[in-house]
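**Q** The following feature annotations were taken from TrEMBL:
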| type | residues | note |
| --- | --- | --- |
| TRANSMEM | A:23-40 | transmembrane segment |
| TRANSMEM | A:46-65 | transmembrane segment |
| TRANSMEM | A:77-97 | transmembrane segment |
| TRANSMEM | A:103-125 | transmembrane segment |
| TRANSMEM | A:137-160 | transmembrane segment |
| TRANSMEM | A:186-204 | transmembrane segment |
| TRANSMEM | A:235-254 | transmembrane segment |
| TRANSMEM | A:274-296 | transmembrane segment |
| TRANSMEM | A:308-334 | transmembrane segment |
| TRANSMEM | A:354-374 | transmembrane segment |
| TRANSMEM | A:395-415 | transmembrane segment |
């Protein structure tokens, strides 16, 4: 037996590896979260950071289904929203309570209420939805999202109608000396729960259920023949995914102090899918990257151009077609090549791909901007660097067609040589 | 031992008008190594699917140690101690070899759907996993992704997952299909070792393997068992020789040499 134990000790990762792969990233995350405020961010930056934290937890919870469980859901915002509504109602209860449970419940721990609300919603809605996997699951999730979104507008006493339900976060007991008034104090609240959410969901991947979730994603038939009911595995994973979505909903309730039925709708459900996929669903860190990028695009890019949603769509299509591993896939590919000392071999191709993509993107931007200015501004024109680009101007078409064609030619050539190498 | 590990009575399975299994009666004793042979399309895999719960019988009964299991969900049958492998490698391709076997071990160790434990800290699970990897000689490849294994090793992994849960009735569906001679010999050794003291039911095309391994053989033709008995009895049976024409009948004789 000691022999076996010895052999197994050689199999399992060493303590140093475990530290580097599992503990170090979380120490780094904690340090990053702690030093951000030292750089003295502006109010806008704090607002942006807070939304990023919420979206990181939300996108990771979505990836428990899509990436780890192989379940494509079109209605994950339902659990974010229901958790959020539970939290905002609890916030009101805290504000109006004179004594008893709610009077002693600090606002800081509202995400726990969100977690419970999301878990409850997941347990109820997951029961019928998880009977099926694959396309039926996706269709059921879409139907339920529509159902709950419609219910959100109908049941005014719960969801507050179109105005939603508002709350006040500066009530009840203070925890850690945070009044939660200014956004800089809300930052610590968000940072704390982001860390808890990320660590909790990572820990989940290390449990027997988390491993079985991956096994069920890859081969549900085989899972049945090692003693597990795949339906049960999916259902339990679904409850956890709902619970963590509810946690992010609770964070959002404190951050915005308002929840409207819009939070339950298909729009945030779609956005969280994009975050997870663009970030990379095969990697734990993928949805984190996706959430950061998309939150940034949503709040910053939308200041520069009205067409930011078109760019988001373009980005999504490009990721699906050219980088199915998402941003995390690209990043890990880069670090793997660096570690294997093969950077020299691949960097040329990557540089070519970057140039090709940049050219194609340049042409597309011109096209989109000219079109948007023309359609929105009643004859307004796109005038970058003093150029007067209208649809009638031949220069416009040169600037659109030449880079796009050149970019596509470069990308295709690279794709062909790659195939040639394999063949 | 006189107790029947597995007992089939009047078992039939139809897909619409097609009767694939037409009344199979078969008793397999505990500790026996039983081979099921038959031409292509005889219904051997269908029979396995009926026993392991993938299909529901149209009529008849399947009893595991006297308990009716016909039509029960596969995971319930598995928990009662019957485990099967598949004809095409049915493994968790994205996981490492070690993780594959570990998944097979988990339920039998009582960790069911646990979400409060770190899988890396479950010592007895780790030890059992190592023991199984050791017994099938995959321990050196434990940390490779299963998808990168050579074909023969994937077949071995398939067997490893099947025995990992500690079931005492093992169904193997063509475990040596597509293997070279030397790989087949290794696989037979491994199967003999891994199923020591257990009941083994095996579907196999390689007559050498069948005559080496089996205590008894059943011949399945068009969904019916036309003969059951010791290898030498079956080989001499005229009905069997009739069913196996030409090359395959020679194969029956080759079994001697192997």
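Using the three backbone atoms N, Cα and C, a Cβ is placed for every residue, glycine included.
Set these features in their place in the structure for me.
**A** Within the chain carrying the transmembrane segment (A:23-40), a Cβ under 8 angstroms from the stretch's Cβ atoms is held by residues 49, 184, 187-188, 191, 194-195, 198-199, 202, all 6 or more beyond its ends.
Cβ atoms under 8 Å from those of the transmembrane segment (A:46-65) belong to residues 36, 71-73, 76, 79-80, 183-184, 186-187, 190-191, 193-194, 197-198, 201, 204, 213, 237-238, 240-245, 247-249, 251-252, 255, 272-273, 275-276, 279, 281, 284, 286-288, 290-292, 294-296, 299-300 of the same chain, restricted to positions at least 6 beyond its ends.
Residues 71-78, 81-82, 85, 125, 128-130, 166, 259-261, 264-266, 269 of the same chain sit 6 or more residues outside the transmembrane segment (A:137-160) yet have a Cβ under 8 Å from a Cβ within it.
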**Q** Do the transmembrane segment (A:103-125) and the transmembrane segment (A:354-374) share at least 3 Cβ pairs closer than 8 Å, excluding pairs fewer than 6 residues apart in sequence?
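**A** Contact between the transmembrane segment (A:103-125) and the transmembrane segment (A:354-374): absent.
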**Q** Looking at the stretches A:77-97, A:186-204, A:274-296, A:354-374, A:395-415, which one shares the most CB pairs under 8 Å with the transmembrane segment (A:235-254)?
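**A** Selected stretch: A:77-97, with the most Cβ pairs under 8 Å.
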**Q** Can you tell me which parts of the same chain pack against the transmembrane segment (A:274-296), counting only residues 6+ beyond its ends and a CB-CB cutoff under 8 A?
**A** 48, 51-52, 55-56, 58-60, 62-63, 66-67, 198, 202, 205, 312, 315-316, 319-320, 325-329, 331-332
**Q** What parts of the chain pack near the transmembrane segment (A:308-334), using Cβ distances under 8 Å and only residues at least 6 beyond its ends?
**A** 274, 277-283, 285-286, 289-290, 293-294, 297-298, 301-302, 350, 353, 357, 361, 364-365, 368, 372, 411
